[in-house]
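A.B. asks: Please read through the structure below; I'll follow up with questions.
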Amino acid sequence: MRFIDEAIVTVKAGDGGNGIVSFRREKYVPRGGPDGGDGGKGGDVFVVADDNTNTLVDYRYTRRYDAGRGENGHSKNCSGKGADNIYLRVPIGTTIVNNETGEVIGDLTEIGQELLIAKGGDGGLGNTHFKSSTNQAPRKATSGFEGELKELKFELKVVADVGLIGLPNAGKSTFIRQVSSAKPKVADYPFTTLVPNLGVVDVGVHRSFVMADIPGLIEGASEGAGLGIRFLKHVARTRRLLHILDIKPIDGSDPVENGRVILNELERFSPELANLPQILILNKIDQVPDADELNELCLHIVAELGWTGAVFRTSTLTGAGVDDVKYHLMNEIEREQEREEEDPMFAQAQKERFERLEAEVRLNTEEQKEAYRAARRAAREAAFNNELDDDDDDGVEVVYAP
């Protein structure tokens with residue numbers, strides 16, 4: 001199934017039914033009072049987090065959803081039937097944004113979580129409500145209220161504890177295959193990973209966390225180059241970033257410069273994202289069999305990058321060092337979760353930090369998209385102008401017969 005992480009839809013809640021004008025008509029009661037019922041309520045529109053879907057592809061093809069209208073009122077003071085609500089199922093991790101105002105309506109992060117996105121209109125009043133001491137037979141009823149109409153953007157961000165970042169072919173997909181049951185495509189060419197992959201990492205009984213692998217970043221990614229920047233928003237919810245660095249790139253490039261590329265692109269795209277705790281994984285140590293040479297190379301990379309955080313040496317081919325990373329991540333995540341439970345101030349600070357991070361990532365993603373669209377428009381216009389300037393008749397005198 002095609003992976004779609006954004007969709008724009010229009011939702012229309014149902015209008016309320018109309019109240020009616022009606023009077024009692026019974027034998028021996030020729031002048032019965034008013035008995036017009038109220039209109040029924042229009043249907044609401046909800047979104048529901050569903051763990052059976054992982055893409056917004058359905059909303060690329062059906063872009064409008066209308067709830068039903070409430071029934072009109074009936075005689076004998078019977079109200080019209082309310083319309084059924086409609087429920088739009090989205091993957092866990094979907095954010096609902098008002099596309100016209102940019103306001104975030106809600107975030108669906110738990111299975112079965114529901115969010116009201118468009119409220120149905122209330123039904124109109126029947127003439128029973130307008131009876132008074134001076135008007136015993138009112139001929140007045142009101143129409144139902146209109147349901148809400150909204151244009152919304154659905155934004156999917158995968159829900160993961162750890163995000164993998166790095167250049168293409170750094171070994172991210174092989175790493176997630178090694179530590180989880182995820183089976184992303186692995187090959188010897190760049191951009192093998194085209195969409196985010198999720199894997200559940202089991203560390204022990206009732207101990208696990210979720211890891212996300214996104215397409216590799218390249219230099220210029222923050223300006224729209226490559227695939228990774230489009231999916232960088234998917235690591236905005238993570239607690240840790242795992243920076244996978246190939247210490248012996250097959251193309252002969254400098255691993256230090258490769259590491260700087262990722263750090264620079266991350267900082268340029270989102271300083272808040274760059275401030276997330278990062279762990280450096282010096283990968284493919286099996287490519288340097290000499291222990292002294294390997295140690296010297298790893299120390300050189302760490303020193304040149306000025307890295308002060310945790311560092312691990314791994315081989316995703318042989319599995320060396322991978323378990324150490326798993327246990328370290330699990331312990332860090334559990335320690336942070338326990339502190340959030342025990343310290344309300346820390347929990348609130350974490351919540352505010354993630355809100356700032358998501359807002360910054362959303363803004364920067366939209367700006368990058370606009371810049372990319374503007375560049376494409378400029379390229380098309382330039383190509384069109386070049387075609388107009390390409391005159392095959394240059395230097396040829398054309399004489400028109402009378």
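Numbers run from 1 along the shown chain.
Yeah, the Cβs are placed from backbone N, Cα and C, and that goes for glycine too.
Straight out of Swiss-Prot:
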DOMAIN    1-159  domain 'Obg'
DOMAIN    160-334  domain 'OBG-type G'
BINDING   166-173, 191-195, 213-216, 283-286, 315-317  GTP binding site
BINDING   SER173, THR193  Mg(2+) binding site
REGION    382-402  region 'Disordered'
A.B. asks: Please work out which residue of LYS172, LYS284 has the most C-beta neighbours within 10 angstroms of its C-beta, and give that one of the binding-site residues.
C.D. replies: LYS172
A.B. asks: Among the binding-site residues ASN169, SER173, SER315, whose Cβ has the fewest other Cβ atoms within 10 Å?
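C.D. replies: Looking at the binding-site residues ASN169, SER173, SER315, the Cβ with the fewest others within 10 Å is that of SER315.
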A.B. asks: Between the Cα atoms of SER315 (GTP binding site) and SER173 (Mg(2+) binding site), find the distance and write it as a whole number of Å.
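C.D. replies: Cα of SER315 (GTP binding site) to Cα of SER173 (Mg(2+) binding site) measures 13 Å after rounding.
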A.B. asks: Roughly how many Å lie between the Cα atoms of SER173 (Mg(2+) binding site) and LYS284 (GTP binding site), rounded to a whole value?
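C.D. replies: If we compare the Cα positions of SER173 (Mg(2+) binding site) and LYS284 (GTP binding site), the gap is 13 Å.
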A.B. asks: Indicate whether SER173 (Mg(2+) binding site) is helix, strand or coil by DSSP.
C.D. replies: helix
